[in-house]
């Protein structure tokens, strides 16, 4: 059998694929975070809570209305986006003129409240959520057994990431958005409703977190803590990619997923910190991040 | 660079927010008895009421303690019995502070439950100083009745040694003799793995490998692939809580159990199994000392508990029930609530209740009773959301638990009666 670094090649390929799957979640989450930071300059600490809300909404929809995975994939992110839009309009938008620290503190407090509430009602152990029957089972790829659902997650994540990137970088709406954050007064003078744009942006970012949550629900336990376990890593991904760089967040998400996957083979104890070690090195060599512009 | 600074600030906020000290509730009761200090027997139930172990203890343990008081009759030697509760937030310093306040100001006579071994050890050592009784049922470290034992400290429901002896011993003897461990990378995981390894090797089995994963890992698929390619017959989970649930889910997803490998959890609570459901946890082996559906007596208790609390009781909850009941019986037998006398009775008296059918307490405070190897049912076998386990075999108490000599407890340092 072919060996690479003392590990059989098929096993290594399997681990690379697993890393890519995890990278899909990092990419989806850091994408939303980068959209919100890039366009609103808000460090959205509630992102993990919004991810958890997405998963819980899917679970609650199934439990109370019988709505399955596919409808939930559309409905749950929209609900998370709507709740987040309400929060942005009534509370967060008042903090835009203040230092970034206030936005961070607000969203952090919000995350604690949301997670605490769910923990009170549902406990820490989490709830099971069955994936779609259509994607149950798996496919033998020769080098590993790939559960069909995980394959779907990879494809879905790539499609979503590309669409959002195209939306912001290549469409007229995206151009308005970018202009509105560059110079709000000027854009407003052209007759564009800037506050509405900002609300929509926050809702989009939060909706993406909710979507990632629904995608994660069949794989992980739907638990109040699922977001807080992930959020710090996702922040590191955004910092490495370059705060505000949307393409950077996506690429970095996938790359770090793979690097973390390899760490799990060669030195599993370090798999939780490898992302932060990379972050420290990147910050020392390129303080603006890999894809960020120096300000 | 700014984000780094900001995160630091947010950590301070988090520390502030979580730094709220826990308080105990208590009220005065009129004087009635002479043998009982302060004319009331106060039992403090200290556990995690809001964090990761809240389902395994929390309010459920308080409900169980109250049921025990009711079953005993509400009074002992003419004095009322009162249950107070506090949240130690899994932090040893908070636990010690609450215990100090309970002993010094609130006249608490004994502290029970105490999950999270670090907190249990801190409170037990403080109680030894203060000459007060602790009965640990939530905390699982074998140290509690081992090298850090106390003459007034008791350990009731289980310990890590019994769990690993139970699960690993029974499976290896049944022919499942090659193992691969997924181990949480901290003291608890290490001790579970090393104790289980000793048992496996003593029974002629072999450990083919282990991965040590960081605490609170959400994705186990990489580790599951490694376990799969090891070819081991059993994948042993030396972790707890969400880590166990996520590992089991990933194993099912990647077809590990379908391909004939067995999963064995060295610590699984009923609430973990319930949250995974039979679909997710089926086939999993585990050791426990009590299960609600074992006999009529258990079922009847579970029904009463369910009516109060809305959930099924787990080994840990019923352990608290048994501990409270036995403590009250000991006070009655001693004719006083004075610590030395009650501790002597607790060491002497057999334990006969719905939790421990034939229990006895060793010199080091370890309560020894029969444990059981269970397997989680498949969805076809299960007839309801709580119909989760089937009993595979009984592990006699003296096979499951260590002797006083093996435990490493220096009983010669205890005060002589």
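Each residue, glycine too, has its Cβ placed from N, Cα and C.
Unlike curated records, TrEMBL annotations are generated automatically.
Between the listed ranges A:68-88, A:173-193, TrEMBL ties the annotation transmembrane segment to A:68-88. With a cut-off of 8 Å on Cβ pairs spaced 6 or more residues apart, the transmembrane segment (A:100-122) and the transmembrane segment (A:232-259) reach fewer than 3 such pairs and are scored as not touching. In this chain, the transmembrane segment (A:196-220) lies in contact with the transmembrane segment (A:68-88); the count of Cβ pairs under 8 Å, excluding pairs fewer than 6 apart in sequence, is at least 3.
Under 8 Å from some Cβ of the transmembrane segment (A:42-62) lie the Cβ atoms of residues 29, 32-33, 36, 68-69, 71-73, 75-77, 79-80, 83-84, 92, 95-96, 100, 103-104, 107-108, 110-111, 114-115, 118, 122, 127, 129, 202, 205-206, 209-214, 216-217, 220, 222-231, 234, all in the same chain and six or more residues away from its ends. Panel annotation: around the transmembrane segment (A:151-168), residues 20-21, 24-25, 27-28, 31, 35, 39, 135, 139, 174, 177-178, 204, 208, 211, 215, 219, 246-247, 250 of the same chain, lying at least six beyond its termini, place a Cβ under 8 Å from a Cβ of the stretch.
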